[in-house]
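Notes follow once the structure below has been shown.
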Amino acid sequence: ENKAVFDAESAKEVVKELRDSFVTGKTKSHRWRVTQLKAMLKMLDENEPQIVAALRDDLSKPEFESSLYEIQMLKNSCRLALKEMNHWMMPEKAKTSLTTFPSSAEIVSEPLGVVLVISAWNYPFLLSFDPVVGAISAGNAVVLKPSEMAPASSSLIAKLVADYLDSSCIKVVEGAVPETSALLEQKWDKILYTGNGRVARIVMAAAAKHLTPVVLELGGKSPVIVDSDINLKVATRRIIAGKWGCNNGQACIAPDYIITTEDYATKLVDSFKCELERFYGKDPLESKDLSRIVNSNHFDRLSKLMDEEKVSSKIVHGGQRNEKNLQIAPTIFLDVPVNSLIMKEEIFGPLLPIITVDKVEQSFDLIHSSGGKPLAAYLFTNNKKLKRKFVETVSAGGLVVNDTAVHLAIHSLPFGGVGESGMGSYHGKFSFDAFSHKKAVLYRGFAGDAFLRYPPYTPGKLTLLQALLSGSIVGIIRALLGWFWA
């Protein structure tokens, strides 16, 4: 079947069509936004089996994870936007000062225009549509570029958007590097990209040519600090849920490595062995509750991390692989060298190294020495002093104490990175704000026109205006008295 080539000229036409629609004001209306979000909810309700099947084709993702972490979380985003959008759209009152008295002011949220969302393969539906919910609720026209690494999901996304949403304002462009490059050549009013740092640099460089603002949702080596004064069974289960229960470790907020004391490491490993067998059986490659590795390139990358000479001997649990089926079992390493490959790059898979220290407080120095700021960081402890130090000293996109990954589900919290783990944030109202411009508006009448601002300029006028601008009542009184006595 011959497929039309999508090049820079095609991308230009798509942007022009959407910009023409946006200029009509269609997307700005509350009614349009509500209609599209309700249509998205209907789309998710009527096509859940097809979505689950596409995710199974792309990743062998368990139905439990697909339904809960992709579909249900998307529904929650839509429902929250429908409930709160009218409030989000209302102008925010702002204080004024004596300088402009009498006056009133407000901050008006207006849509940016035509925006581009480039999503990732590991959560193809959630990471595609969750930003789109924000873009729609803010009143924008949108182009969505799903990841070609999840082809079944990408194809279904394109079909569903065409069937359920307003195609004059919301479009999907499928494809790989050529199509993405063609899109990035265009001028957008904002770009949101979810993925890795290498591609993020390309996106940011392309955006810089048009001074386009960007939101980058990346990743990093998210650490887990495990203290000894905890409920070990609960902690182990929560780490497993955040690591292997999130797409078999192929998640940007998955625990990347653990830091614990040398004395406690053996107990922690034993607990992992027990709970992992309970969850995934004696042969986890036979389990239906683990996703597979997305493709052979990532399988080979993870195998390289496992097979490094100074790492392969450190496996204390797991290590089974099936190259044909792209499966890797949950694998735990103990005391891998900090200069090994597995500790230098984000793992993004089912491998979990454990690093030991003499005292748990040394964990913070180890995190700082890595040089990066992760997307997430986790601490398991009952020590209040340690919790405070964790919050005060660890710089990450988000922190969670005594659990992993669950902050993603709290829409009142911003989700985003810092430094090389990303910039900007979204979720809930933060999604609305990410795709809105906060426009400052000041209202004045014709009364109270101050002659002070007009020529001829005099020392008395200058003194009084300086006092007005400073907001000091005492200064204003002194300036008026000085003028009077002069």
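Even glycines carry a Cβ here, placed using N, Cα and C.
Remember, TrEMBL labels are computer predictions, not curated facts.
If you average pLDDT over the domain 'Aldehyde dehydrogenase' (7-441) in this model, you get 97. As annotated by TrEMBL, domain 'Aldehyde dehydrogenase' applies to 7-441.
Sequence-distant contacts of Glu217 (active site), defined as residues of its own chain at least six apart whose C-beta falls under 8 angstroms from its C-beta, comprise Leu127, Leu192, Tyr193, Thr194, Gly195, Cys252, Leu375, Phe415, Gly416, Gly417, Gly422, Gly424, Tyr426. Positions annotated as active site by TrEMBL: Glu217 (among others).
Look at TrEMBL and you will find Cys252 (among others) tagged as active site. All chains included, 30 other C-beta atoms sit within 10 angstroms of the C-beta of Cys252 (active site).
The transmembrane segment annotation in TrEMBL covers 464-485.
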